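Q: Below is one structure. I have some questions about it.
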There are 4 protein chains.
Amino acid sequence: MILHRLRNYTARVFEGNGKYRRIGRALDVFLMSLIMVNVVAIVLESVGPLAKQYHHEFLMIELISVGIFTLEYVLRLWSCVDKSVHKESPLTNSKIRIKYFFSPLALIDLIAILPTILMVFVSVDLRFLRVLRLMRIFKLTRYSRAMQLLLNSFKEESSSLLAAFFIMAVVLIIASCGIYLIEHDVQPDKFGSIPAAMWWAMVTLTTVGYGDVVPVTPLGRLFGGAITLVSMGMVAIPTGLLASSFSEQLRKRRQVFTDAVHEAVEDGHLSPVEEEHLENLRYKLGLSQQEANKAIHNELKNRNRNLYCRHCGKRQD
Amino acid sequence: MILHRLRNYTARVFEGNGKYRRIGRALDVFLMSLIMVNVVAIVLESVGPLAKQYHHEFLMIELISVGIFTLEYVLRLWSCVDKSVHKESPLTNSKIRIKYFFSPLALIDLIAILPTILMVFVSVDLRFLRVLRLMRIFKLTRYSRAMQLLLNSFKEESSSLLAAFFIMAVVLIIASCGIYLIEHDVQPDKFGSIPAAMWWAMVTLTTVGYGDVVPVTPLGRLFGGAITLVSMGMVAIPTGLLASSFSEQLRKRRQVFTDAVHEAVEDGHLSPVEEEHLENLRYKLGLSQQEANKAIHNELKNRNRNLYCRHCGKRQD
Amino acid sequence: MILHRLRNYTARVFEGNGKYRRIGRALDVFLMSLIMVNVVAIVLESVGPLAKQYHHEFLMIELISVGIFTLEYVLRLWSCVDKSVHKESPLTNSKIRIKYFFSPLALIDLIAILPTILMVFVSVDLRFLRVLRLMRIFKLTRYSRAMQLLLNSFKEESSSLLAAFFIMAVVLIIASCGIYLIEHDVQPDKFGSIPAAMWWAMVTLTTVGYGDVVPVTPLGRLFGGAITLVSMGMVAIPTGLLASSFSEQLRKRRQVFTDAVHEAVEDGHLSPVEEEHLENLRYKLGLSQQEANKAIHNELKNRNRNLYCRHCGKRQD
Amino acid sequence: MILHRLRNYTARVFEGNGKYRRIGRALDVFLMSLIMVNVVAIVLESVGPLAKQYHHEFLMIELISVGIFTLEYVLRLWSCVDKSVHKESPLTNSKIRIKYFFSPLALIDLIAILPTILMVFVSVDLRFLRVLRLMRIFKLTRYSRAMQLLLNSFKEESSSLLAAFFIMAVVLIIASCGIYLIEHDVQPDKFGSIPAAMWWAMVTLTTVGYGDVVPVTPLGRLFGGAITLVSMGMVAIPTGLLASSFSEQLRKRRQVFTDAVHEAVEDGHLSPVEEEHLENLRYKLGLSQQEANKAIHNELKNRNRNLYCRHCGKRQD
């Protein structure tokens, strides 16, 4: 029975709603900080001299972190059956756990601890495995609204972006074939095959332009010049799509909050329950305290200026 | 008579309408896959070791593909007289065929098979011809909505883009002449003539910046710095034009579908014929199943919210 | 008297209005072609071998062109007093000529012929003078709507662009001072002074990135990385300003034409005088025949659809 | 008493309002010019030969400038208690001075003179200190509307920019780890550690592309090509955010002026007091004389066209 209540308490804290908000957020901040410390440590560990000098410290950070992450993973897996969304679920506990186990966030959590566990138990110590630990940066997805925004942008514009990338692929193939035909005989080491020429084409079409591989014949430079011109168009299309979509996502997010505020202030004042609800929404949407206050302030001001109809509550513009 | 019905059947399948939709789309998918396999094969064949090791396999892919493409080409040319658009045409069959023969899509189909036929029959085996086979990537134009979108964007913005390119040409000439005057004596191998200096100007104005040719004198760097500043403006104009035009094309395409949906749900429900019609339109416009469903769902919801006038059916905004 | 009428005729042709439209445009096309031939010739003449082989041909092109341009210049100066705008001018002929002489377009015409005249009469033959002949590319300004559009964009956004360039200048100075402090001791040949370091800063801030001068110390690379990040912002601001302004200019230009069409079709049909007027406007605004026809077609269609109020003539949206 | 009135006069001149406008602006222009002369001098002084040849001149400029700046600083600190904003302040003079002392603008003023004072009195002569004098470029912030615009843009879009930079940081770490794993063994000098690989990742993700560090293995180039593709998206997001925000700031600034003009012309004419007020506002907002006149002209025209309600004065759109 005690175990049952403990499990329920754990689930509440991870969710961070209601009276568990304070402790839930503290836990979030702690775990985010730990992830960042880990990422910095792994990056610095790749520097030879530092790795030698602070070998012990890096090992301590790693072991403690993995310990905490493992504990977190186990607790999440154990308490997931008590999540509010499963309250009325007809699934058995084990089925919920299996479903949770294969959810993307849980898999990321597992991948974050796996390399170290492998290194410790199987006693392999490969650089590949050590760098793989950086995958735990994806654990931030759970907390980061920015990443969710970007994912939403990609999802919304997926068909347009696919169209843009298809065009890019066609242009890439034409560019690399053209330069291969023209420059192959003069620079066989650099334009030895079409896949090799694709490196030049890619670097040019994205306007990165390293300059390690460049056409040298007059015809090659004429063709290359035409491709640099095309590159401007290639950059323009995804830029326009992503930029407008990202702004749109941010606008929508603010709109959701503004709408909720409007609903809450309809009766002329903010009750503590409404405030609590808005605060939760603000946190979930990743808006800053300042932005939220401004939105609430504006909404109250608009109400007084009769911007909304007193009868039907609809905006009058 | 049998031949006549076969020809009619072929035309229906290529058009892929009505009850031939399923088989028509299957054919589309098959031909698109074949084109992509071909492109990958030709690209990989340019890699020396791979070409030697898998010489036989590449040859098989090529021969089978060209066989299928030739068959497709012949069938399209043969059956084009039975296309629905020609049903009431007063032209004779041979005139329709000649007209089809010189249509862009038919010419692309011909170019796609010509190099291999030349290689086989005339027994020439030039690298140039082998790479020319990549022209069959343009066969995708028939299926790709993305490419049609881009072509439309270019058409719509053609006068603006021409204006932008004219300005770019003038700036290019001024930049290359300036740098030629300044750097010619110090780097005669790199800025030997104005056309040679154009390579630097082009690479700079598009912000690619390889760095294989750079000014070295203080005056040249001052002038070069000014040109890099100008390059930002040069990139800005076509970027803005293309980005907004491409988004506009996508918006229009969705609007066409939404309008069709609106017309279809005007009587309150979707009949099977209407659904069939919408499905065809969706496929033709290249919208995803998900987007289409969302549009239909929104339209039905809007209807219930009286967004459209009950009398005239016009949108009330 | 004959001379007077000839002068008047010349002025009419240069203006290209009314019944002189056809010949005026033919003259425009001829002069534009000649300018372009000249530019191509001067560019090609800078290529050593070509200059030797076709020395005679280049000289012929040059002499004939300068002859024609000189004739054009003299005729324009002579006939400028008969321009329609001066019909009721109280200025004396010589004052009009002096005023015209110092107008930008007339100065460009003079600069276009001056270098060759200097070379012929003063017998100097400097490369500098030869390249200066390229200034005649600016003669195209008279005919190019694109260049006028760009100039308008710059004028409209001048205060915003100045703000952007001021910020860029401050960032440039900070970037070059920082890198000078950090990298001066390690690469005294590349970062020997702040002006020298400005070359790196400029190339980086515009994202051109030649790579001829790069930081090599860890601290320099950290600072350089921060500057590359800033460069994205630096590129963003003028890009956004110019892109939106250029599109706006194009939109306005079309609007002017649409408004004129609307006024012309108000009575339900296009009279020959109205057509003549619209055609002149279309040419002046640099719209394509196709765009103009589409605008007229739309306007007529809108009229039939009662988009404009039958009573007040105002658009109903 | 005389001292008191002098202090009050100084405060008025620094504020430049009312009848002190002319002298206040003259002082602004003088100080801005002096700052610019200083910046140019410091930049040129870093060039070895120039520093030697004009050693005396540079010293003179420096000493005189620092003298003036010190005087300005002292006067500002002394007179700040008489600022209009403090007229009814309950704070004591010393508290106002301490508060002013720690304001950002006052700190910048202090930093601008400190290095030279240190060099003179402590007799140290480090290059670091000499370059630090360039910090006085930030003194321009006081006068520059452009910089205030940029700061506002950053403030408004801070949460969005933070989101974008967070995504960039994650992509940066993934890119540098990937390339480190792939290229470390082949190019240990260039990709020796993850921080070293970050230089490549940063240069690529911002599309600067120096080319001093590039992947050479086929796998590295495949990964690098993918990262160049991602770089287009990375550039797109802050570009879109900043570009739209900067334009928005400029639009708002103009709106503030237009609103003020509207209020001023409500009674049908501009009184001298209203004109004085508008002129002050125009200067404060950094609008050009031309823009301001256009706005006033439009507003008067609109008034005549009854765009504003005759009764309540509100805009009718």
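Glycine is treated like the rest: Cβ placed from N, Cα and C.
Checked TrEMBL, it gives:
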- C:26-252: domain 'Ion transport' (DOMAIN)
- C:29-47: transmembrane segment (TRANSMEM)
- C:59-79: transmembrane segment (TRANSMEM)
- C:100-124: transmembrane segment (TRANSMEM)
- C:161-182: transmembrane segment (TRANSMEM)
- C:194-211: transmembrane segment (TRANSMEM)
- C:223-244: transmembrane segment (TRANSMEM)
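Describe the structural context of each listed feature in the structure shown, including burial, neighbouring residues and relevant distances.
A: Long-range contacts of the transmembrane segment (C:59-79) within the same chain: residues 7-8, 10-11, 14, 31, 34, 37-38, 41, 97, 100-101, 106, 109-110, 112-113, 116-117, 133, 136, 139, each at least 6 residues beyond the stretch ends and with a Cβ under 8 Å from a Cβ of the stretch.
Sequence-distant neighbours of the transmembrane segment (C:100-124) (same chain, 6+ residues past either end, Cβ-Cβ under 8 Å): 62-63, 66, 69-70, 72-73, 76-77, 80, 130, 132-133, 135-136, 138-139, 141-142.
Beyond its flanks by at least six residues, the transmembrane segment (C:194-211) meets 168, 171-173, 175-177, 179-180, 183, 224, 227-228, 230-232, 234-235 of its own chain at Cβ-Cβ distances under 8 Å.
For the transmembrane segment (C:223-244), the residues of the chain that approach it from at least six positions outside its boundaries are 153, 157, 160-161, 164-165, 167-168, 171, 175, 178-179, 182, 201, 204-207, 214-215, judged by C-beta separation under 8 angstroms.
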Q: In the same chain, which residue numbers or ranges, 6 or more beyond the ends of the transmembrane segment (C:161-182), come under 8 angstroms Cβ to Cβ?
A: 154, 191, 193-198, 200-202, 204-205, 215, 217, 219-220, 223-224, 227, 230, 234, 237-238, 241-242
Q: Please give the average pLDDT for the domain 'Ion transport' (C:26-252) in this predicted model.
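A: Result for the domain 'Ion transport' (C:26-252): average pLDDT 83.
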